[in-house]
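Under the heading ATP binding site, TrEMBL lists B:LYS7, B:PHE8, B:GLY9, B:GLY10, B:THR174, B:ASP175, B:TYR180, B:ARG185, B:LYS210, B:VAL211. For B:THR47, B:GLU74, the entry in TrEMBL reads substrate binding site. Annotated domain 'ACT' per TrEMBL: B:268-360, in sequence order.
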There are 2 protein chains.
Amino acid sequence: MPLLVMKFGGTSVADLARIENAAQKVQREFERGYDVIVIVSAMSGKTNEMVGWVEQTSKLYDAREYDAVVASGENVTAGLMALRLQEMGVPARSWQGWQVPINTTSAHGSARFISIPRDNIDAKFAEGFKVAVVAGFQGVSAEGRITTLGRGGSDTTAVAFAAAFGAERCDIYTDVDGVYTTDPRVSSKARKLDKIAFEEMLELASLGAKVLQTRSVELAMRYKVRLRVLSSFEDTDETSGTLVCDEEEIMESKVVSGVAFSRDEAKMTLVTVEDRPGVASAIFGTLADAGVNVDMIVQNISEKNYGTHTGAVTDMTFSVPTNQVARAQKAMEDAKAAGLLAYDDLITDTDVAKVSVVGIGMRSQVGVAAKTFAALAAENINIKVIATSEIKISVLIDRKYMELAVQALHDAFELDRP
Amino acid sequence: MPLLVMKFGGTSVADLARIENAAQKVQREFERGYDVIVIVSAMSGKTNEMVGWVEQTSKLYDAREYDAVVASGENVTAGLMALRLQEMGVPARSWQGWQVPINTTSAHGSARFISIPRDNIDAKFAEGFKVAVVAGFQGVSAEGRITTLGRGGSDTTAVAFAAAFGAERCDIYTDVDGVYTTDPRVSSKARKLDKIAFEEMLELASLGAKVLQTRSVELAMRYKVRLRVLSSFEDTDETSGTLVCDEEEIMESKVVSGVAFSRDEAKMTLVTVEDRPGVASAIFGTLADAGVNVDMIVQNISEKNYGTHTGAVTDMTFSVPTNQVARAQKAMEDAKAAGLLAYDDLITDTDVAKVSVVGIGMRSQVGVAAKTFAALAAENINIKVIATSEIKISVLIDRKYMELAVQALHDAFELDRP
């Protein structure tokens, strides 16, 4: 029997009407002949309510108790969804994490999957319960305690079940109708993609296109789970949404698939750093120890004499998330005070944005970087930092030019054309 | 180590402030040197909210899914209570039914205990987790599915744990400060009892004094679990509340301990029933099959000729809960139409009330019935039906005289005096 995994997020099961709407989508796949594993989130707002209670009750809370409380939201949705499906004549039952069991590490609040044995659910499939409604976001530790996977964990649960059960596809129903070439709010020319490669989706997800959780895409890529992102609020069929798949499934891919952007980046420059072996390690090791996520890094070596320095000196520029600027500054100042690091000044620019063009076609195509820089130059947009990977070119620019840059790049690579 | 079971109902854990208040009571017992098992209900309103969702989702709902949804309320409270206790420095952890495990039958929605193995909780006690916060009202079936015990099941959970763990006492914290000689809203002379025997409490509970669930008192009586009912909203100490215990623990018991009453009774009379062997069985068998709970039964045999009947005839009077009158009427009419039963008329009187005097002292004391009837007669209250047990005398009277009857009996037996 072919098997499908269908995942519904919090807004897709926010109330009883939406649960019914989601159940209709499950019913349709069941009537097409699929065994279905449905992964559900908590009704939207419920998890936040419970997190609030936990945080008000205990500041430094025991993560095991946090998990025991917070996981209950998904249990409620799973039961209600099973009931709704039964009411429609669909043979469904609910599964809580410990009933499957979804075995995880005991890293409460951010647990990782160890195994998802198929036996229990397969036995119920064999008895005729063709639809298993599984509470997402949760599992059980070897100690028999409830664990959660962290926010967005239901996407990851869905992909893990698709991998464990060899699902034909994993459909992620959400409040958008697919993955776009860029954010439609920034460019009216944004176009929904029919297909996108895992690698591209990963770059888009981590660059701030918040459709799928990065970890779920990584897991899908590793196990080659075909993911489909589609809207739970529209009529959908086999061709709806965007398929996230192995690049081999994408016949003729464009050089660039999308333009991503992020406003949450800040640029920091250490001015006149003594240029000696190990200095980069000293800077970024210090930042890592302070829990700062450094993204782009650029080093400008200069042989000039600067102030009191006489040897080779350099400027070191890097970008960090805006909300980690204060922490990064403190880490650098502490390191300087402790004599671990010598620099003249630390300049922070929070008025920047990162814009990236992403596409697996770049690998075999030259000139993408040149075309990117030309498109920005034509709009008189100054590039502050450049970083590239195999399938991505990112630039840091003044934030006020962000929308202009996205539109210019979208036009330059003709992303509005199918 | 002596062990105490403490149970907090829905109003006692209705919000975070009340959970903190309850936690302080637990902390005090812990600091006195007790190991404590805390049984918690869902925050008041939460269970009703979830029951509403289930009923809106599915009319003839699958009780297994109902249980999976509804039991989640207690899990939330258990986690929050454990967190609050930890914050106070009390080594607590939460336990869900399946983690203990609380083994029950698979009669979903009204499951019964099979066993509560001590191993898991004892192991944690030994590790130093001296307070086990257990989600009440729930268990797990042999099939590994979540069960619930039905409304009020948390009281029963508390008593079952007290029995399983040999607790010194089972303290039921609720929104009243004990068991009274009668309802203080009906008689201002009502007095709180320091002690009451299990048998008396059972009669009072089943007669409508809704302090403790009948089933929990039955279980306490069977396992000789000392129950204490006390207020979660007042400062309490070792002497607070009412102790429900074996009668041997009550040194000098009064003849009558309390006056109970119920407005939810209706009187039904089958007029001119053919009096032959098996007729009572035909009537009450039919009612039982229809799910009607018959309480009091009186038969008046008469040798008169009535209408078309020529042999011995009788009037059969019985009382049923008001909300079962329609069902009882239909059952009687159907039986008559089917020729299973012959009677001339069925008279229903819903304008009645039941008043009962209860006391284990009655067993050894004559004249209680006479004193009861005299007290009512002195107020010109006509008695419609009388029923007695070893420790109880119940009368059915016009509802408008109910409060007067309660006050008269309370005075007659001097219940306001300690």
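Each Cβ is built from the backbone N, Cα and C atoms, and glycine gets one as well.
Predicted automatically and left uncurated, TrEMBL annotations should be read as such.
According to DSSP, B:TYR180 (ATP binding site) sits within a strand segment. Between the candidate binding-site residues, B:GLU74, B:LYS210, the densest Cβ environment within 10 Å is the one around B:GLU74. Each residue contributes its Cα atom, and for B:GLY9 (ATP binding site) and B:GLU74 (substrate binding site) these two points are 10 Å apart. Each residue contributes its Cα atom, and for B:THR47 (substrate binding site) and B:THR174 (ATP binding site) those atoms are 17 Å apart.
Geometry remark: B:LYS7 (ATP binding site) versus B:GLU74 (substrate binding site), CA distance 12 Å. Here the Cβ of B:THR47 (substrate binding site) has 21 other Cβ atoms within 10 Å, regardless of which shown protein chain they belong to. A simple way to gauge crowding: the CB of B:THR174 (ATP binding site) has 23 other CB atoms within 10 angstroms, across all the protein chains here. A simple Cβ count within 10 Å picks out one of the binding-site residues B:LYS7, B:GLY9, B:TYR180 as the most packed, and that one is B:LYS7. The distance from the Cα of B:THR174 (ATP binding site) to the Cα of B:GLU74 (substrate binding site) comes to 16 Å.
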